[in-house]
Each structure stands twice: as C-alpha cells, then as structure tokens.
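Q: Handing you this structure, nothing more for now.
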Amino acid sequence: MKRLRIALALALASVSVTPAWSQYVLNLREADIRAFIEDAARVTGRTFIIDSAVQGKVSVVTQRPLSRSEYFELFLSTLRANGLVAVPGPGGALRIQPASTAASTAQVGRATSPSSFVTEIFRLRNIDAASAAETVRPLVSKEGSVTANRNSLIVVDFADNIARIRQILAGIDRDTAATQMLTLENAGAREIAEALSTLVAAGGEGGAAASVVPIDSSNSIAFRGDAATVARLMEMARELDERAASGTELRVIFLEHADAEQLLPVLQRLLGQASGPTAGPAPVANGDTNAPAPQAASLSTGASVFGNKAAVVTRFEGANAIVIAAPNDVQRMLGEVIRQLDVRRAQVLVEAIIVEISDTAAKQLGVQLFLSGLKGSNIPFAVTNYSNITPNMNVVAGAVIANELRRDDDKDDDDDDSNGLGDLADALTEAAVGEIAGSSGALIGGAFRSGNEVFGAIVNAVQRDNNSNILSTPSIMTLDNQEARILVGQEIPITTGEALSDNFDNAFRTVQRQEIGIVLEVKPQINAGGAIKLDLRQEVSSIAGPVSNNFNDLILNKREIETTITVDDGEIVGIGGLLDDNERRTLEKIPFLGDIPLLGELFKSRGRSRAKTNLMVFIRPTIMRSADDARAMTERRYGYIRGMQYQRNPDREPSIDELVRDYMGAVPPRSLAPPPTDPRLYAPAVEPGDAVVDPVPVPQSQVPR
C-alpha cells in the first residue's frame, strides 16, 4: 500500500505541468488490487462496491500520461485481465466481482465501455434462434452465456464481445427464402398442396425447408423456402396439373358429417340444374327393379356458375355419398364446396327448468233448510239449496219426504207397494247417501216430524289449504340448426264428435288422442359470436278433471310458451312466467229472509277462497363443440343418477353401472370419484380462499319464528 501511494505521488509530480485531462501515469508492480480500486475511485470520482471474493495483486505500467476516461478504461481492462468485472448497479455505482458470477447480475442494454459486463437481447426476424445460438456460442467468453428463446437470443458477456456478436447476427439474420405463386388450370390447389407438403415433410426434397400453402379462392399454390427447393416443387405442381387435363372424370365423395340428400340440391343449383327422376328404374343387386332409383341432376333453364360445361351430380343413399361426373375444373370447385359444407357441426344442450309454486286456501259456511207437509197437510214444500256447498239439499229433502210417505203408506196398505213409492224412496235414499258421502268438511244436520209436517236442516263448514311445489327439468341435445323435440307424458282420448240414430242401432263416437305432459321443442342456431339463437316452444299440460258431475268431458290445464330468444353459451335466462293471485268471495242467500239481522244467517251461505300461483320457466343452452364437451356432460349426468341410486341402496353396486357393463358391454364413466361410504354424513372439503362474505339484511317479516 505504501509503495502504491509513493508511485502515484511520483507520477502526479512528474506530470504536474500537463493539462488537467491527461495527468495520470501508472507504474504499479504487484500492488494490492483493493488499493488499486480505491485509487481508481478517487481519480475517476466513481463509486465502487467491492465483492468479498475480490483478492489478488495487479501490475500496471503506462508510458504516457492518461486522461481520466483513459484511466477508467485501463482500470476496467485490468480488472478483466484479472478475472474481475465491474457490473453497473443502482445509483450509478459499480460492483466489482469475479466474472464467473457476473452473468446473473449484468445490466440489460449496451455498455459505454468495451470491458463492461452487460446483457443484450437480440431480436431475430428470419433465422431460427437455436441455430443462431450455436453460431455465436464460440464467440462468447467463458464468463458469458447465450440463451435461445422463441425468436430471440439473450447474450451476457463483455461489451466488446457483444459488439462482435451483434455484427455476426446482423449478417446472418437475413431473408434469403424465395416466394413464388403458381395458378393451376386443371387440378385442385388443396389436393396438390397436400401431396407436396407430404413430400417436404418426409424429406423427399433433400430435407430443405419449404412451405406449401393452397389458396382456394384463385386455385393457386404459394411456395416459400429455399430457391432450389421452391423451383423443384413448382415443376412438380405444373406436371401434376397437366396430367389432370383429361376431360370429364367420375368422382365419388363420401360425406362424413353432411347429409347427401340435403347437400345434393345445393350442388345442382350451382350447376343450373334441378333434381328429377332418372329415365327408368335402375336394377339393383338383388334384382328388385321396383326399388326407387337414385335422383340425378337433369338439365333445366337455370344459369350455371360453371358456364356451359356438362356435369351430372347425383347421390347414393346407401353410403351417404355424392357422385360427380364433370370436367376437372368443375370437379375441383364442387369438391371445395363439399369440403366446406361437410364439417362437423356443433351440438347444443338445451336445459329447461319449470317451477310452479301454488297455494290455495278456501273457507265455506252455509245453512240449508227444508220444510214440507205430508198427506193431509196444508204446508207447502220449501227448501234452501246453494250451489257452492254440498250436499244437494233437494236430493236430501226428497229422500226424507219419500221415506216418510212410504212409512205412512205402509201403515195404510199393509205392505202393499202397488204405487211404487218404495222404489222411489230407495232411489232417493241412495242418491242422498252419495251426496252426503261426497261432501267434505263438517256436516251437522237432522230432520224432524211433527204431525204431518217434516222439517230438516244441514250446517256445512269446511276449510281447505293446498300447497304445491312442482319442479320439472326437461333437457335435450341436438345439432346446430336442427329441430328437436322431447315429450314426457301420455296420450289421452278426447271426444270430438258423437252421433246417435233414432233406434240407437248406429251410434258412433269420434275420439282424438291428445298429448298431455311436458313438451320441449327447440331449434338452436349458433352465431359467429358464440351466442345461441333459440326457436323455442315449451308446454306443460295436465288433466284438471271433468267439466262437472253430469259431463264427462275433461278440463285440461295448459301452460305454453313459444318464443325466439338469443342467449350466451352456458347462461341461464328466464323466458317467461306468471304471477297470479286470485281471491273470490261468494254469498248466496234467500231474498228478504237473508237480510234479517241475526236470523238471516240461517238463510245464507258464505264462501271465500284465495289461490296464488307462481310459474317461471328458465332456459340454459350449452354448446358442445367437441367430443370432450359431450363426454364431460355425460359424466356429470351419469354421476348424478349413480349417486342417487347409491343413496337409495348403499350396500350394492348402482344398477346403472350393472346395466351398462352387463347389457351394453361398455365401461361406465369412471372420471367421477366413487360414492362416499355414507352419503348422509359426507361433507365436501372446503378450500380456504380469498372470498369475502358480506352479511345480507333479512326483512323482519321473513325471520323464521
């Protein structure tokens, strides 16, 4: 340390007459490197952070005075020669550390000094990053590194090495590929391009890289790659195109997804032709000449997009195939139309939720009276009968009076029933018993006889409360733009006509079957944005009962929605509903008598009912674009049914698994976890998360008591 300070003092004294920018001379031999760094910090005015691993001696000798910038460059070169680097750090400070550990801390960007240790990113436009890394790797020092990414290189090294690598990459990262276009006259561009691409991929062209892209709109092929390879591929394409110019050809195209019957009219309209029967029945393999012949295109006056070139298009129903007899250019265009239309269509799962909640409450209270005189009495027959309560007082009063008359008649005639009064009394009694048996609620009544007068009364009181919660979830899956229908219910006979002849010997009745239950009809259409347009019809119907006791015609409850909506994939939307609150109050009374205070209650019948119905229909369409989507949906539904069966009988295998395995010979879906040992005690694990639960105030009227 002392020798270094003396040498620096002598150097400064010897150049005291030189300008301020070139007054430093170094003459160090085996000086401590840490002391050298300290003097460099004082001369250059920079801040250095010395790593603990920095140790050793340095020797530096200059023959002429150095400026401050030259001194700093010499300082960095001395560090580099001794396996050290100065890595820029925060606040403009330089960290002095071994070069072997500097690759991870080097700054990104270009350095101001050739001996600085930096990181630079090179963006590549034409060449492969891996091959570029192999090219520049020999130029990187042992302390540096090179990393290849998708289209870039990351190089960590000294600044002068980085500069050389930059020049080399600029020279090799150039576009040398040739690009050519070839328009075909006879063959199809896609067919030729697929054949040439197969040759290139298999190394049939010497392994040279080249791209072959068909352009269907102009029946052209674009080539890009090595110039020699592109030239050979274009020559092969021309030769194949010339060989395809052989006039009319016959081609059979087997469809994978489209229906030949639906596709045939489209192709015929492109040809300006219309479908019509062939000249006669064509013989088939089994000799049945009565079988219908396939439909072929017959000439019409329509205009063709292919000019006047003769072409015939027909279909073979047995194999779902299209048969084309046409020149090559027509074959190519029709084949391209078929290729674009014969694609796998997405499927749509439509799920409906139908919720109906109803509450009905009814109260009835009424008093019915009758008064009648018997033989020898001047009391007239009087009865109060109301339509809203049971039993029918006319029937009950008739039975009581008939039995009293029969009793009197039996006393007078000594069991002689020649007047038929006994049969009448039996019939009315049977009818009265039926009326009383069909009544509901509480019945209190009786009949009293005083002399030749009979008096009777019935008090009827009833209260009804009906609550129902009906939940239906029909679902159906169909192809995009394809109608589908599901019915879960039954067919019932509905009488539509009846006729009787005079002597009843030619009676007939016409009956029509009508579907009752849940019906879901849909036609989905997926648009370009992924939303689904639904033509939808939803119906829920049921039997309400007969019109009345005297008419057997049925009353049908029916709730139907028919609409067209647009729904996003997987969204639940309410398509309609009904909120109905129906309250009725009925009062039947005898005029004048029913208006008498207090006593008038005996001549009245009161009724009150209230019915609430909440009906809502929800729809959720889900697009099934692939087999994986359909498989996942099937596994969810299968697992739901399987779990329900397991809960009903946990001691045995679910019957659906047994059916699939033994009857179908298939493997049940196993992506779901096995059922728990005890479903009633099973609790799913809850993972901790960042969810926030906000308290929701509950109205006081809804707090359970």
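For all residues, glycine too, the Cβ spot is worked out from N, Cα and C.
What TrEMBL says about a protein is an automatic prediction, not a curated fact.
Look at TrEMBL and you will find 684-705 tagged as compositional bias 'Low complexity'. Annotation comment: TrEMBL describes 26-96 as domain 'GspD-like N0'. The domain 'NolW-like' annotation in TrEMBL covers 119-175, 179-245, 251-347. Positions annotated as domain 'Type II/III secretion system secretin-like' by TrEMBL: 461-625. Under the heading region 'Disordered', TrEMBL lists 277-296, 666-705. Residues or ranges marked as signal peptide in TrEMBL: 1-22.
In the displayed structure, how are the listed features positioned relative to their neighbours?
A: The helix, strand and coil residue counts that DSSP assigns across the domain 'GspD-like N0' (26-96) are 29 helix, 23 strand, 19 coil.
This prediction places the mean pLDDT of the domain 'NolW-like' (119-175) at 81.
The helix, strand and coil residue counts that DSSP assigns across the domain 'NolW-like' (179-245) are 33 helix, 17 strand, 17 coil.
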Q: Taking helix as H, G and I and strand as E and B in DSSP, count the residues of the domain 'NolW-like' (119-175) in helix, strand and coil.
A: 25 helix, 16 strand, 16 coil
